[in-house]
Every structure is written in structure tokens, then in C-alpha cells.
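Peer 1: If you scroll down you'll find the structure; I have some questions about it.
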Amino acid sequence: MARLGRFGFLALAVVFHLIYAYSIFDIYFVSPIVSGMRSYGVEREPGAKAPASRLVLFVADGLRADKAFQPAPDPSPEDGEDAENNDPIYLAPFIRSRVLSHGTFGVSHTRVPTESRPGHVALIAGLYEDVSAVTTGWKLNPVNFDSVFNQSRHTWSWGSPDILAMFKEGAVPGRVDADMYGEEIEDFTMDATQLDTWVFNKVKELFASAKSDPELDAKLRQDKVVFFLHLLGLDTTGHGYRPYSREYLHNIKIVDKGVQEIATLIEEFYGDDRTAFVFTADHGMSDWGSHGDGHPDNTRTPLVVWGSGVAGPKYTDGKAVTGHEDGFSADWGLDGIQRHDVAQADVAALMAYLAGLDFPVNSVGQLPLEYIDASPKEKALAALANTQEVLEMYRVKEAQKRAALLRYKPFEPLADHGKNSVEEHIAEIQVLIANGSYDEPIKRSGALFATALEGLRYLQTYDWLFLRTIITFGYLGWIAYALTTVIDLHVLHRTSDSKRTVGSTIFFTSILAALFSVLLYQKSSWQYYVYGAFPIFFWEEVFARRKALIAGREILLGHVRSFGGYIASGFQLVAFVAVLEALLMRHQVQSYFHREIYTVCFVLGSFWPILYGVDFVRQNTVLSATWAVGCSLMSTFTLLPVIKVENINTITYGALLMFFTGLFYLLFEDTILKHSKSSGHAPGAISSLGSRVIMGMQVGMVLLALIVTRSSVSSLQAKQGLPFGNQVVGWFVLVASLVLPFFHRLYPNSHYLHRLMVLFLTFSPTFIILTISYEGLFYFVFCMTLVTWVRLEHAIYVYTARSSAHYGGNNTVPKKPGLNATAVIDGQEYRYRRLGLADTRVALFFFFLLQSAFFSTGNIASVSSFSLESVFRLIPVFSPFSQSALLILKLLIPFAIISANLGILNRRLEVAPSALFMVVMSISDVMTLNFFYMVRDEGSWLDIGTTISHFLIASFLCTFVAGLEFLSEVFISGVDFGPTTKAIGASITKTVGGTAGSDVVDSQSGPEDAANSKKAEGLEGSETIRQNGGSV
């Protein structure tokens, strides 16, 4: 095929990584939902009643297990009580009384993503949706699978439209009633307890209406009915004020009081003691007011069950009690009562049993027998029915898998023959129950249930080896293809031709045809065909351009001839891999607080200029010192806590640094740029004044952002909500600061320092508005370090070029033709040099700084580590997509800054456009492939969430780098470096004569080649490498 150019390569990189990023969801997180199963319930004697006639489910959205049971100072003492009294009390006395005297309790462990939709689906359907379902709860997406609500005779529900609507629309028409409040009252900055009191009041209204409505009264008195109270107040309060705040703790008191009132109301209405109550939460809440990832604070929720059919508390006399060994509940004061932990999906099975319903057909929850008060026979029958439901799901999934594959290998423990057959297992358990033996059937049902889950797991992962092999070859093929393309475009300058043979064409075509035939027979989705096509395309291209790899090796490593040369090259390779592995080590640490590897790297990096000798440091003392200071300051941010508390003083310090930096540049711009003139435009007094006016407006926006942010924070902290005027001004500053830079086109100043200052001031207001702590300080230090890096890399480039010219006679580089090439940028033709091994260091530095831009203010686990408090200054009501967009905007700002700096560095080092970006994309997938094999879909919830984030961040990094390349083109279009750098090139020429210039052009070429190239080109000295007016 035709050789891809720069933009073709970048486009291919984006498409490939976007498609392959989705591969983990086709491999690790395939939806477990199947259809066509029959339902199972407990088979009772005719006339026998279910454990309860009705079920009441309370879900306290966002309630952490520890906060529900821990004692704490009263956050809202009653009138007449001492407000200064800090004696701890139990915030949920009614719930606690159920634990102590009436029911069974434990901790319900959720899975990632710890969001409302997946949590409620697990609770009510017994199903763990695949991870990609996280955002489906942000809009109406009916649950297209069975649930406890769907199995009920009728369900009444009250609460948030985000949860209730999806269960109502997904159930049998008319089976679920949903009474929902409007989304506009979900205001994170106001008193969220009103969301819960609204629900409690609506429940009271329903039962009050039944007294005068015989039809409603009759419906309420039927059996197998469910009442669902979704209590969103705690989640909203936790986001706005965090779970250790007085507001959150007060909300717990409100919920407890409301639950008591509703429980009493229902008991009095029916008067038959035939109601079962379940109190739990869909997910927890982290200390920084977020959820979504697998942190234990997000995955551990309370579970308290009481009422009809529920076992009472199990006390022991001075003996250790099972369930408290982990120490998590040590300060709850419940050590004398047995704690029964469950998986969240188990709650669905428990509710179905208590209400006398069939188990939801997609449920993987195991009935927790410790929670039920029943005879041994009833428990044995319930355990059997629960197991039959899961086995039915296994039977249907296996039949589907068997029909789709060319050759199917059955799951041996449940193979359809002899003693292992499902029917044989069920028959044996039924015989034992009929003979009056119950303990053994319960054990066997539990073992068979676990085997059935293993069988489902076997079917779920059946295609893993096949798919992971394809994906692995795809990533390895991309790495090889990318390196080949970089060598072809930027080392050989397209002088090597592709060469295919008949044999190779037949070989690769045959593999593709065989692969597609298998996929077609198995009726695979279209993504599988794309997954398979990429590795074949990449490896075929690498084979066809194998001569480019050989020629590139001779140019890049041809100078390594002696033993000492091999030792030096090996040492450089070890150092390169060590830094890359250090980044990998950072990701492999399964914790939120171990970012110190970046601190170590920055400290070591501060000594980097010394590697070029004392003479270099002496010539660039200020630059080297600034770099050391920048690295030292950057190293401190990864030592600061990830969990940040809103601190207006820290926000102010960062904003003032931004403001005074812009003001200083505005006042002394002529002095700073006095040695520079734009080669493309010589601004006069009017244009200079216009440029200063626009920049002055940018500086003013920084100050206005600080003022409105301080005002908004004060109002929000005082619980007065967000004033409308503040919201308007905040949005005005955000939008205006991003629009103002475009007016600089009217009065252009093309110096690269001026361009970087414009970018710095462009994003400063956004960073101020969306920061809650030290992020503004980080932004200032990060920008300072990047500018220093660009100048330092250029200084090293000039210094090493001058040194190689001085010692040209001893140059060990083999004599190769000087492959100087040209490119048209901004309508002008520029010459550029080919890449060398030293440029991989630049790519590695960029790679490291790119990651530090994210991890210096947060953790890798998920965006949930970034507080929502800053977003409330612009959007105080629940709007997940808009709020997430603002958080992502804040995360992307440092990346935009670094892209501009690398684009400038690309030109200062006189390499072709995109050359350095392409090198970065070539090496980044070493990390991506590492994380691909680290992805887990089982184990601890923290592990699952963290590994998903690892892979996606690494995978999108390459895509993001491609996007940054295009962004940098916009930012540095027409940029000029002034005559100072031209003077540097001239000084090299003056020092070493005519050879210096071409050495700078092509540091890999020997002096004779440089001279020949110069003569052939008809150019002199540094003019051989004209770029933006001849600058180096």
C-alpha cells in the first residue's frame, strides 16, 4: 500500500488505539445478560405462606458502612442542648436498635463501578452489570433484565428520577409505580435532606390516601408487594460537603428518623407483623466526596434486615464473634453480635426469598441463610432453588456457546455425562431433602452454587486466550510499525522502498482469510474483525519495509564499533528502560497514596545538566539553576495528600502567582524580548499597543477569576447556595478567557516566549475557578518547568553540536550521506535534520512530564479523586455529563500546555514536524501492553477498578498525544525564536568554519559528509538549517 505520511500516521494511531482501548470490554467485561431461562422459587407445601407478605427496601444512596454505625459528636443538637458538647452519640439509634434486638446486620460489599445505577441493579436484580454501564445511570436507560420489582405483584417506589425511571420502564407495564421529584431540586449546594424528607412525606401520603381509597387499600394489602424508598440526600450531601462533615452526619440522623417513622407507619397500617425491612446503600463515599472507583470507603455499605422471616441477632457470651476479625467494625460497639457480610448481589436473592418471589433469572446472588428465620427444610429448599436458578443460567449460556463455536470444550465439573451432569447433582440433593436430611443438601447446594458460578466464569472467559493473543500481536505490531515509520520518515527521509514477495503476500493473506472465516462462523461482532485486521496489516508493513529497519540501525547504531561503545550504549539503554519501568512501577502500586516515584524521578532529573559537564553548567548557570528549582518544586506535589480539602488561601496564593507573573511580563515585555524581532511581522506602535491591551485583559481575567472564586467559595461554605450573579460571572470568565487569545491574531507577536505567556494566561482563570487547593500552585510551577525544559534542551543541542564540530576529526559516526529534508510550515520552506538516538531522551522526558501533569494533583485510580466542590461554582445542580466535562477540561489544561512546549521544542531542535510526537507514540504502548495483561475482572474491588483505569489511561495516552500534535500546530503556528538563536548558529560557524552548520543539521553525519552536503546544497554555515528566519 502507499506509504502513510505524517497525518496519515497520526490518524491511524488514533483509530487503532480507540478501537483497541475498547478491547478490554469485549474480553474482560462482556455483559453477563442472557435470556430464555425459566425462573425458580422456593417450592412450599400448598397453603404455606412466604416468610413475609411484603417487603420494604430503604436505599440510603452514598451511605458508608462505618458512618452508619460509628459514634460521633452530635452534628445538630436539639434546642436546649449544649452545642459545644462533643460527647459521641450514635447517629442512627433506630437502625442500631434493629441490629441489637430485632434483626441481622453486616456489610454489603459492592463492585466497581461504585455508581448508583450498577449498585441498584446489583441490589434489585442480583446482577453485576459490565463496567461500561456506569454512564447509563446518568440518563434514562431501562433495565432490560429481570429484577425483584419485576417478579413482585406490584412495586411502589419514591425518589430520584435517575434510578426509579429505569426500573419502571424496564418492568412489566403497570407493575411499578414511581413517584419522582424534579431534577432541579438536586442542588449540591443546598440542604439535601429535603430530598429524603420529600420521599418520607410521599410515603405517608400514599398510606393516608388508602384510608379513603378502597381500590388502593386493596392493592396495598395484596401479598408479594414491594415498597422502595430511594434516599438521595446522603449522596448529594457527601458530594457537596464530604462524608465527615456535620452536614453528612446530620443527614444520617434525618434518614434514621424517617426510616423509623415509615417502619412504624407500615406496621400500624397492616398490623400483622408480616413485613420485612431491608436497609442498605448502593455505594459508599470517599473522604474527598466522590465515588466510582474501588476504594473500600466506596465498596463497603451497611446492611440491616429485620421483620417477618428475618433471623434475630446472634449474641455470644464473652467469645470471639465471627465477622469482626478484619477490625473494620472495631469502633461500632457491636462486637458481641455476629456480623454477616454479603456480596451486594446477595441482597436481591434475600429480598426475593423474604417476599415469596421467584429469584430474578439473571441473578448471581447467593441467598445468605444466616439472615433468614426458617426451618432446616425451608433453608434446604431455598438453597436448592437458588442454585437451580444459577444452573439454569449456566445451561442457557453453555448452549449458546456450544452452538457458536467450531469446537467447544465443556466445563468438566458440569459436563453433560455421568456423575458430573447437572441433573444428577440436583436429583441427589432432592433425594436427601425427601429423606429428611437437610444439612447435607444445604452444603451440597452451596458447593454446586459455587461450581455453577465457576462454570459461568468459564463460559465468560472462554474466548480470552484467542482474543488476548490477537490483541497482543496487534500492540506489538503497532510498536514495530511505528518504529519503522519513524525511521522511514525521520531518519531515512523516505529513501527506502517497500519490497513485498509473492510468498509473503500469500502468507499474510492466508492468515487473514483463515481468521475471518473463523470469526464469520462464530458470528462474531464487527469489532473482532478489526482487532484481527490490525496485527496482520502492521506486520505485513513491517516485513515489506524491513530494509528501512536495517538501514536505520546502521545510521543510528553504526558508530558503535568498540567494546566501550557497546558498554556506553548498553548503559544508555538500561537508563532509558529504568525510567520507563519506574513509571510502570508507579502504576502497579495498588494504592492511592504511593506517588513518590515521581518525586524520586524529579529529584534525580534536577541533576541532569551536570551530565554534560561542568563547562556546560558554567555556560548555562541560570538555566541549570532554574531547572533544578523547577524539578525540586515539582517533586513536592506528589508528596502532598491526594485527598484535598477546599482551602481558599491556597487557591489565592496560586492565583496571585499567575496574576503577578502576567503583570510582570506585561510591564517588562520589551526588556524580556529586547533581543528578539519577529521575522514575519515587525509590529509598530499600534500593533504593540493592541497586543498589550489584549494581554492586559487576560491578566484582568485572572484577577476577576480570583475575586469571583473567593466570593463563590464563601457563599457555598456558608450554605447559602451559589448566587446567580456569581454563576454568570464565573461562566463569563471561563468562556472569555478561552476566547481572548484569538484576538492576538489582530496584533501578532510571534516570539515563542510571548506565545507561551499567552497560553499561560489563557488557562489560568479556568484553573483558578476549578481548583480547590494546591492545583493552582502546581500549574504555575509546571509551566515554569516546561519553559525551562524547552530552553535547556535547546542549549544542550547547541552545546553538543558545537562540541561535535570541534572534535569532528575524531567523530566515530560512520560517513553517511547527509539526509537533509524540507518541509513547508506556515507557507515557508524549512530544512530539518534527521532524528538521532538522543531524541529518544526528549520523548522520554515528554512522556514523564505528561504523566506528572495528571498524577501530581490526583491519583491514577479514577477521576473520582478529583473533588466536585470546584464544579459547584459553575453547576450547582446534578448534571453529571456537564460536571464531568468541566473536570476533564481541568485535567486537559496541563496537557495542552505541554503540547505547545513540545511543538516549540520540535522546531528548536530542528527535527521534522511531528517527529518527536511520533517517537513518543512508538514507545508508549510498551506500558499499554503491560497494563492490558494486568486488567482484572475479579478479586478485590480496588484491584478491578485500578487496573481498568491503568489500561485506559495508558491506551488513551497515545491517542491523546496524537491530538496534542494537532493542538500544538494551532498553538505554535508562525512562532519565531528571534535572532538570538541565529547568532548562536553563526557563532558555531565562526568557531569551526563551514562544517559546523551542517553538523547542526545532521549530527549523525561526519564532517566530510557535512561539507559535501553543504556544497551540494549551495548553502553556508547555519543557513543550511533555516527555520523561521534562520533560527536554531
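Numbers run from 1 along the shown chain.
Including glycine, each Cβ sits where the backbone N, Cα and C put it.
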Peer 1: Where Swiss-Prot splits the chain into topological domains, do ASN647 and LEU874 land on the same side of the membrane?
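Peer 2: Topology check (Swiss-Prot): ASN647 vs LEU874, domain names differ.
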Peer 1: Please name the residue among the glycosylation sites ASN150, ASN435 whose C-beta has the most neighbouring C-beta atoms within 10 angstroms.
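Peer 2: The residue with the densest Cβ neighbourhood is ASN150.
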Peer 1: Short question: most Cβ pairs under 8 Å with the transmembrane segment (7-27), which of 469-489, 501-521, 597-617, 623-643, 915-935?
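Peer 2: Counting Cβ pairs under 8 Å, the winner is 469-489.
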Peer 1: Please work out the helix, strand and coil residue numbers for the topological domain 'Lumenal' (710-722) from the DSSP assignment.
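Peer 2: Counting residues per DSSP class in the topological domain 'Lumenal' (710-722), I get 8 helix, 0 strand, 5 coil.
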Peer 1: Per the definition of 3+ C-beta pairs under 8 A with sequence separation of 6 or more, do the transmembrane segment (915-935) and the transmembrane segment (597-617) touch?
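Peer 2: No, the transmembrane segment (915-935) and the transmembrane segment (597-617) are not in contact.
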Peer 1: Average the per-residue pLDDT over the topological domain 'Cytoplasmic' (1-6) and send me the rounded value.
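Peer 2: Over the topological domain 'Cytoplasmic' (1-6), the predicted model scores a mean pLDDT of 63.
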Peer 1: With a cut-off of 8 Å between Cβ atoms, can you find at least three pairs linking the transmembrane segment (469-489) to the transmembrane segment (524-544)? Only pairs 6 or more residues apart in sequence count.
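Peer 2: Answer yes, regions in contact.
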Peer 1: Below 8 angstroms Cβ to Cβ, which residues of this chain, lying six or more residues outside the topological domain 'Cytoplasmic' (490-500), approach it?
Peer 2: 3, 540-541, 543-548, 551-552, 555-556, 819, 821, 834-835, 911-912, 915, 918
Peer 1: Whole-number answer please: how many Å between the C-alpha atoms of ASN435 (N-linked glycosylation site) and ASN150 (N-linked glycosylation site)?
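Peer 2: Pair distance, Cα basis, whole Å: 35 Å.
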Peer 1: Taking residues 6+ outside the topological domain 'Cytoplasmic' (618-622), which of them lie with a CB under 8 Å of any CB in it?
Peer 2: 609, 792, 795, 799
